[in-house]
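Everything on this sheet refers to the single structure shown next.
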Amino acid sequence: MFVNRWLFSTNHKDIGTLYMIFGAWAGMVGTGLSILIRAELGQPGSLLGDDQIYNVVVTAHAFVMIFFMVMPIMIGGFGNWLVPLMIGAPDMAFPRMNNMSFWLLPPSFLLLLASSMVEAGAGTGWTVYPPLAGNLAHAGASVDLTIFSLHLAGVSSILGAINFITTIINMKPPAITQYQTPLFVWSVMITAVLLLLSLPVLAAGITMLLTDRNLNTTFFDPAGGGDPILYQHLFWFFGHPEVYILILPGFGMISHIVTYYSGKKEPFGYMGMVWAMMSIGFLGFIVWAHHMFTVGMDVDTRAYFTSATMIIAIPTGVKVFSWLATLHGGNIKWSPAMLWALGFIFLFTIGGLTGIVLSNSSLDIVLHDTYYVVAHFHYVLSMGAVFAIMGGFVHWFPLFTGYTLNETWAKIHFTIMFVGVNMTFFPQHFLGLAGMPRRYSDYPDAYTTWNTISSMGSFISLTAVILMIFMIWEALASKRLVKSVPLTSTNLEWIYGCPPPFHTFEEPVFIKST
């Protein structure tokens with residue numbers, strides 16, 4: 001019975017729960033790795049040993065957080081749970097493929113962990129650039145295992161993407177058009193399209209790297225007529241859409257949370273929000289080389305990528321101002337989820353502004369590979385994606401479990417986390433402007449003060465993570481049942497009960513077209 005329910009599951013709610021648990025577990029691993037990084041950098045001098053082990057930790061931290069925490073929770077967890085409920089579908093379009101999408105992830109995670117256990121580990125950075133990732137600088141099986149891990153995670157995401165696109169297009173009741181689906185459903189569909197178009201390019205790039213390493217091909221080796229810059233183009237053609245994949249479902253969740261706790265029946269500018277997400281998704285594919293301003297591109301090429309990158313700020317601004325307009329005049333409830341959403345809007349905007357700074361190719365040549373870049377993308381990931389996940393989690397926790405969290409503790413948790421992440425990442429802007437380079441385990445004494453403060457901040461964040469685990473335990477142990485949910489007529493996922501039944505519908509849905 002247990003095996004049938006959890007290993008062979010074809011139920012979107014159970015698979016969503018599995019994704020959530022896996023993502024939370026991987027999140028603990030990723031947090032542990034980040035604490036190792038900040039412990040090493042907390043003061044000058046060496047803590048872990050040499051730079052190789054440090055870079056293995058940095059690389060693993062990135063892969064774990066991106067592929068095994070943010071994506072499984074946002075797309076696999078919230079996506080599986082909410083999309084069928086929001087469109088009135090009985091389940092996903094391909095329930096068994098859905099199960100396989102999940103079960104590809106633990107073996108993938110295992111391969112990534114194995115890569116750090118053999119030889120010296122993969123100390124390449126998450127970009128895995130050759131020639132550093134080639135078979136001379138990284139002899140041994142580590143990088144090969146990492147590549148296989150990425151292949152599995154990629155297949156999992158591609159299958160999931162096919163499933164979500166099919167579900168959202170084909171499994172709505174006939175009376176509902178695409179423009180009547182909630183924004184979270186839109187965000188997941190756009191994310192799925194991005195995954196479907198970008199992951200095959202990554203697969204091609206890392207497969208060529210695999211053959212360069214093991215079969216004596218020279219795709220990325222100038223000695224045989226190859227070019228390492230080709231790898232960078234292939235990687236970033238995936239890598240840039242990937243960062244939008246990480247944030248788009250968060251946009252969808254924030255839209256729902258802000259609308260709900262403003263007491264509004266719909267978000268401000270629904271069509272504008274949809275258009276903005278589609279624009280961001282499209283533009284995300286034509287700006288990849290802004291990660292490569294330092295490789296020596298023509299000035300006109302740099303001018304194009306600078307301009308195209310800046311254009312992305314426009315649809316992003318549409319979203320930010322629409323969220324603020326949704327708040328305007330609303331009966332605002334200062335719930336924990338609302339605090340996360342407001343924190344998201346504020347901090348994501350700061351991350352976006354530093355992104356505009358970096359989009360200037362001339363400035364980026366100075367700031368590339370410094371802590372300014374680290375600060376920028378952690379503002380949009382550690383305070384964008386993670387705040388969206390936390391907001392979505394405390395908002396929908398009663399739906400998933402049928403129990404309520406302690407609201408006071410949830411607010412305290414938000415406060416600790418808010419202070420921690422800002423104390424960790426705000427000083428890194430100063431370090432970057434002062435020229436401290438990324439991916440080094442040690443630094444000149446001049447950088448000590450800000451690094452020490454940054455490391456203190458990371459331990460405050462760790463406290464928040466531990467408090468969250470306790471909060472979840474407390475809620476599941478206390479079993480405070482959900483009494484009532486307001487605004488269900490415009491928030492369809494809540495109308496089936498808390499939690500909804502194992503099989504949402506006993507018979508096909510009928511929705512009268514208006």
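Placed from the backbone N, Cα and C atoms, the Cβ positions cover glycine too.
Per Swiss-Prot, the features are:
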type: BINDING; residues: Glu40, Gly45, Ser441; note: Na(+) binding site
type: BINDING; residues: His61, His378; note: Fe(II)-heme a binding site
type: BINDING; residues: His240, His290, His291; note: Cu cation binding site
type: BINDING; residues: Tyr244; note: O2 binding site
type: BINDING; residues: His368, Asp369; note: Mg(2+) binding site
type: BINDING; residues: His376; note: heme a3 binding site
type: TOPO_DOM; residues: 1-11; note: topological domain 'Mitochondrial matrix'
type: TOPO_DOM; residues: 41-50; note: topological domain 'Mitochondrial intermembrane'
type: TOPO_DOM; residues: 87-94; note: topological domain 'Mitochondrial matrix'
type: TOPO_DOM; residues: 118-140; note: topological domain 'Mitochondrial intermembrane'
type: TOPO_DOM; residues: 171-182; note: topological domain 'Mitochondrial matrix'
type: TOPO_DOM; residues: 213-227; note: topological domain 'Mitochondrial intermembrane'
type: TOPO_DOM; residues: 262-269; note: topological domain 'Mitochondrial matrix'
type: TOPO_DOM; residues: 287-298; note: topological domain 'Mitochondrial intermembrane'
type: TOPO_DOM; residues: 328-335; note: topological domain 'Mitochondrial matrix'
type: TOPO_DOM; residues: 358-370; note: topological domain 'Mitochondrial intermembrane'
type: TOPO_DOM; residues: 401-406; note: topological domain 'Mitochondrial matrix'
type: TOPO_DOM; residues: 434-446; note: topological domain 'Mitochondrial intermembrane'
type: TOPO_DOM; residues: 479-514; note: topological domain 'Mitochondrial matrix'
type: TRANSMEM; residues: 12-40; note: transmembrane segment
type: TRANSMEM; residues: 51-86; note: transmembrane segment
type: TRANSMEM; residues: 95-117; note: transmembrane segment
type: TRANSMEM; residues: 141-170; note: transmembrane segment
type: TRANSMEM; residues: 183-212; note: transmembrane segment
type: TRANSMEM; residues: 228-261; note: transmembrane segment
type: TRANSMEM; residues: 270-286; note: transmembrane segment
type: TRANSMEM; residues: 299-327; note: transmembrane segment
type: TRANSMEM; residues: 336-357; note: transmembrane segment
type: TRANSMEM; residues: 371-400; note: transmembrane segment
type: TRANSMEM; residues: 407-433; note: transmembrane segment
type: TRANSMEM; residues: 447-478; note: transmembrane segment
Task: Distance from His378 (Fe(II)-heme a binding site) back to Tyr244 (O2 binding site), taken between C-alpha atoms, in Å - done: 14
- [ ] For His240 (Cu cation binding site), write down the residues of its own chain that are at least 6 apart in sequence and whose Cβ falls under 8 Å from its Cβ; none is a fine answer.
- [x] Gly284, Phe285, Val287, Trp288, His290, His291
Open item on the list: For the transmembrane segment (12-40), I need the partner stretch with the highest count of C-beta pairs below 8 angstroms, choosing only from 51-86, 183-212, 299-327, 447-478.
Closed with: 51-86
Task: His61 (Fe(II)-heme a binding site) - helix vs strand vs coil (DSSP) - done: helix
Task: Distant-in-sequence Cβ neighbours of Gly45 (Na(+) binding site), under 8 Å, six or more positions away - done: Asp442
Task: Contacting positions for the transmembrane segment (299-327) when only residues 6+ beyond its ends and CB under 8 Å are counted - done: 251, 254-255, 258-259, 262, 264, 267-269, 272-273, 275-277, 279-280, 283-284, 286-287, 289-290, 293, 341, 345, 348-349, 352, 355-356, 359-361
- [ ] Quickly jot the same-chain residues contacting the topological domain 'Mitochondrial matrix' (479-514) by Cβ under 8 Å, restricted to those at least six beyond its ends, or write none.
- [x] 11, 13, 82, 84-86, 88-91, 173-176, 182, 256, 260, 263, 265-266, 396, 398-404
Task: the topological domain 'Mitochondrial intermembrane' (358-370), counted residue by residue under DSSP: helix, strand, coil - done: 9 helix, 1 strand, 3 coil
Task: Fewest-neighbour residue among binding-site residues, criterion Cβ within 10 Å, set Glu40, Asp369 - done: Asp369
Task: Recorded stretches the transmembrane segment (228-261) and the transmembrane segment (270-286) touching, at least 3 CB pairs under 8 Å - done: yes
Task: Set of same-chain residues at least 6 away whose C-beta sits under 8 angstroms from His368 (Mg(2+) binding site) - done: Phe293, Thr294
Open item on the list: Under 8 Å between C-beta atoms and at least six residues away from its ends: which parts of the chain pack against the topological domain 'Mitochondrial intermembrane' (118-140)?
Closed with: 51-56, 58-60, 62-63, 66, 146-147, 206, 209, 212-214, 220-221, 228, 231-232, 235, 239, 439
TODO: Inside 10 Å of the Cβ of Ser441 (Na(+) binding site), count up the other Cβ atoms and send me the figure.
DONE: 20
Task: Nearest of the binding-site residues (Glu40, His61, Asp369, Ser441) to His376 (heme a3 binding site) - Cα to Cα - done: Asp369
